[in-house]
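The active site, nucleophile feature in TrEMBL is assigned to Cys93. Look at TrEMBL and you will find His193 tagged as active site. Feature annotation from TrEMBL assigns substrate binding site to Arg129. Here TrEMBL flags 5-200 as domain 'CobB/CobQ-like glutamine amidotransferase'.
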Amino acid sequence: MKMKVLWMYHDIMDLYGDRGNIQVLKKRCLDRDIEIEVDTCGINEEKNLSDFHLIFIGGGADREQGLLYEDLVNRKQDILDAIDAKSFVLLICGGYQFFGQYYIDNNNREIQGLGIFDYYTKSNPNVGRCIGNIEIEADLDGKKVTVVGFENHGGQTMNVTTPFGKVVSGHGNVYQGEYEGFYNGQVLGTYMHGPLLPKNPEVADFIIKKALSKEYDNVELKPLDDTLELQAKEAMRKRMHAKKG
Ligand code: GLN
């Protein structure tokens, strides 16, 4: 098998080590003799998004989001075609906000979203930024998994009909919120940096499997030794719970 990944705006949207997600995907594929090819796509670069099993956009601050949203909005049809063609889409923070209706920042500036989903994001000066470690109970197509990460966003994302998970500790979509992220079976958006995949190997494999199913039937992934990853995750959980006290 071969997995083709398109890392969009790799040179602009790469906050808090989001590139680590790509490293993890590479390692977990290669350890199983699955070929992996990672291509990048910057502003104005021509790519056919449907050619890829997985499309990834990392997080970015307001300034970065402002730089590229027009390029992204121009690709709306191509993105819809890729989703139709069963490409899997993974979006972190600023990337996640882009797929909703809009993002209004602290200076009341509106950054247009793709408008593919109903959710929208607004800064709220009356609440603090959502910053810190976060733990959620995610629902991966019916399988409940504890997922840990780090969040830092001023944007409050509302009107999410299908969240990625339920917040155990931290904020999530809104300040002191109950739910985190968005997931509809094909597109996964989350505020979890950290980066997401190194401490959450179950999520990494889930994404690899979903992405490969675009082309291959009954994908089974050979189990890997995740002792270290799960230890890191447990250490983070313990620290969070100790703080909560
Ligand atoms: N600029 C956005 C916000 O603060 C996204 C930040 C991020 O990607 N971490 O809400």
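Note that Cβ sites are derived from N, Cα and C of the backbone, with glycine treated the same way.
Annotations in TrEMBL come from automatic prediction, not curation.
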DSSP-derived class (H/G/I helix, E/B strand, else coil) of Cys93 (active site, nucleophile): coil
The residue listed as 'substrate binding site' in three-state DSSP notation: coil
CB contacts for His193 (active site) [other CB atoms within 10 A, all chains]: 22
Whole-number Å value for how far the residue listed as 'substrate binding site' lies from the residue listed as 'active site, nucleophile' (Cα to Cα): 13
Rounded Cα-Cα span from the residue listed as 'substrate binding site' to His193 (active site), Å: 15
Recorded positions listed as Cys93, Arg129, least Cβ neighbours within 10 Å: Arg129
DSSP three-state assignment (helix, strand or coil) for the residue listed as 'active site': strand
